[in-house]
Amino acid sequence: MMKIAATLLATIALATVNALDNGLALTPQMGWSSWNFYACNINESVIMNTAKAMVSNGMADAGYTYVNIDDCWAGGRYPNGTVYADPTNFPNGIKYVADYIHSLGLKIGIYTDAGTETCQKRVGSYGYEANDAQTYAEWGIDYVKEDWCYATLENPQQRYQIMSQALNATGRPMFFSLCDWGYENPWTFGMSVGNSWRTTPDIKDNWDSMLSNLMAQAPITSFSGIGGFNDPDMMMVGNGGMSNTEYVSHFSLWSLLNAPLIAGCDLIDIDQETLSILTASEVIAINQDPLGVQGSLVKSYNGGLQQIWAKPLSNGARAVVLFNTDTNPATIELLWGNIWMEPSQQLSIRNLWTQTNLGTFTESYESDSLIPPHGCIMLTLTPTN
């Protein structure tokens, strides 16, 4: 038991040092981004109506705070270097949109690039970091995502440090999201310059892409913690490329990983099943647990076809996802040793998706029904004493 406790304490300690001290990212960020569904087809109406929908459909009440404008908003720069919005799609400017979003009690995010151009060839922030940061502050921006297109000859830690310092110098707290797609191991330096850092290439709306981005997190869980989080990319839940069973697994695992919960579907015309996944309160609570420890892969069976992912919670409980990656149904057995518990410990188990208590167990728990192909069961296990 002492060895198990020492391992757990070491994980927590590694996850809470060297954080960028801007007072943000005490828990993973939650919100919505325009890219996955709209790509470049954005305008002020889309952004403002999405924000309005987040309030009316319960997303805001569930914790989704940020409304993030991704690439294609920028129109260019004035002669003095100040960036301005595309006058066709954002005729009233970004501050107008920001003021509206703030009036709803939400926050606004903006996109830029560490290179000379963004990925869609709009103006990047290279050499204009201080100018852009001040402009964002004047607009009332709360969140900045900085991409890595046309910056590949640069050192990402140094380049991102420039924008990080520029944002902090404005005096306005702005969440800083780094995005070099994991190419230069940003988890090794991200905590010192940003609040989250992409660890993978862009996610696609299919099973293989989601699974690939998930598995890329397994070796780097100790680099995430309060103040800065590993980012396996925005969620694809609701975009139609996967089944709802797969989307439940996607959302469960992103929640357990302390990944940013950034929705990427159409929230204006969202279906009820997608909304119920994205607003699952007991699942979201695992992501937002204040202990801030990222979940990790603790056990695999059958060559990785069945997996157990787990994380400790602030109340002494454990959150667990029993994950079946196989194309056939399966049962999965969880041993207490897998989750840093003594075999004799009595644990009360709750299913977070059905919101039902399953009883009290010692030593182990085996799923009482077959887990469907690409499906999961998400549990909390709480000591009875």
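From the backbone N, Cα and C atoms, a Cβ is placed for every residue, glycine too.
Each of Cys119, Cys179 is a candidate, yet Swiss-Prot gives the disulfide link of Cys149 to Cys119. The substrate site, placed at the center of the C-beta atoms of Asp180, Trp181, Gly182, Tyr183, Glu184, has further neighbours from the same chain whose C-beta lies within 8 angstroms: Trp148, Pro156, Asn185, Pro186, Arg198. If you take the C-beta of Cys72 (disulfide bond) and look for same-chain residues 6 or more apart in sequence within under 8 angstroms, you find Ala39, Cys40, Ile42, Asp86, Asn89, Thr118, Gln120, Arg122. Distance from the CA of Glu184 (substrate binding site) to the CA of Cys119 (disulfide bond) is 18 Å. Neighbour counts of Cβ atoms within 10 Å were taken for the recorded positions Asp180, Asp202; the minimum is at Asp202. With Asp147 (active site, nucleophile) as the anchor, the candidate binding-site residues are Asp180, Trp181, Gly182, Tyr183, Glu184, and the one with the nearest CA is Asp180. Cys119 (disulfide bond) falls within neither a helix nor a strand when secondary structure is assigned with DSSP, and so counts as coil. DSSP assigns Cys40 (disulfide bond) to coil in the three-state reduction, placing it in neither a helix nor a strand.
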